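Quick notes on the structure that follows.
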Amino acid sequence: MRLTDFEIEQALDAGTILIEPRPSNDAISGVSVDVRLGNQFRVFQDHTAPFIDLSGPSAEVQAALDRVMSDKIDIKDGNAFFLHPGELALAVTLESVTLPADIVGWLDGRSSLARLGLMVHVTAHRIDPGWQGKIVLEFYNSGKLPLALRPGMTIGALNFERLSGPVSRPYNKRKNAKYKDQQEAVASRISQDS
C-alpha cells in the first residue's frame, strides 16, 4: 500500500524513512514528498565517440563512457543550468534519502515541468528498498525552448510503498550495487554489469 501524508510524517518522525535535509510540512502532500534540485550536473560531450556498444567488452564500454561524459559541473545557488532541446543531462537531488528493507520509493516528475517538455527521469524512477544516497535525475528536454534549471527548485516528488515484508537483498547490502551511497551525479556504470 502506498503511504499517505500522515504515514510519511510518521515514518520521518520515527526515522524509518530518512530524508536529509528533512522536508518541510509544506513539501508533504497527500501521498508524496517534494524533492529539490541539487547543484551537481553532468552532460554528454558532443561528438566524442561515434557510438557506445552497450554489450561490448567492459573496458571498451567504460572507455567510451569516459570520453562522452563531462566532469562534474557545480552550479552555484541562484545560477541556472540550461538544458537545451534534445539534450540529456544528469543531475542530483538536494536531498539524500535512506529507505528501510520493507519500503520502496518512486520518483515522479512534476506535471508543470512535463508540460514544458522536461522529463525528470528517462526510465529509472524506482528507489530500491535499502537505498541510501541522493537520487540521480535523468533530465531530457523534449520541448522547443531551452529550460533554466536552478538549484533548490522543486523538481519532483517521492512516494513510498510498504512491502509485505523486508526484502532479502536490500540495495545497501548487495555486493554488486553500482550506485551505493551515491552523493553526486554519477554517470552510467553499465560497464560493471555482469
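Cβ coordinates come from backbone N, Cα and C, glycine included.
Quick look at what Swiss-Prot annotates:
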type	residues	note
ACT_SITE	Glu138	active site, proton donor/acceptor
BINDING	Arg110, Ser111, Ser112, Leu113, Ala114, Arg115, Asp128, Val136, Leu137, Glu138, Tyr171, Lys178, Gln182	dCTP binding site
REGION	171-194	region 'Disordered'
Secondary structure at Ser112 (dCTP binding site), reduced by DSSP to three states: helix
DSSP-derived structure type at Glu138 (active site, proton donor/acceptor), helix or strand or else coil: strand
Spatial separation of Glu138 (active site, proton donor/acceptor) from Ala114 (dCTP binding site) - C-alpha basis, Å: 13
Cβ-Cβ neighbours of Glu138 (active site, proton donor/acceptor) (radius 10 Å): 18
Spatially closest candidate among Arg110, Ser112, Asp128, the listed binding-site residues, to Glu138 (active site, proton donor/acceptor) (Cα to Cα): Arg110
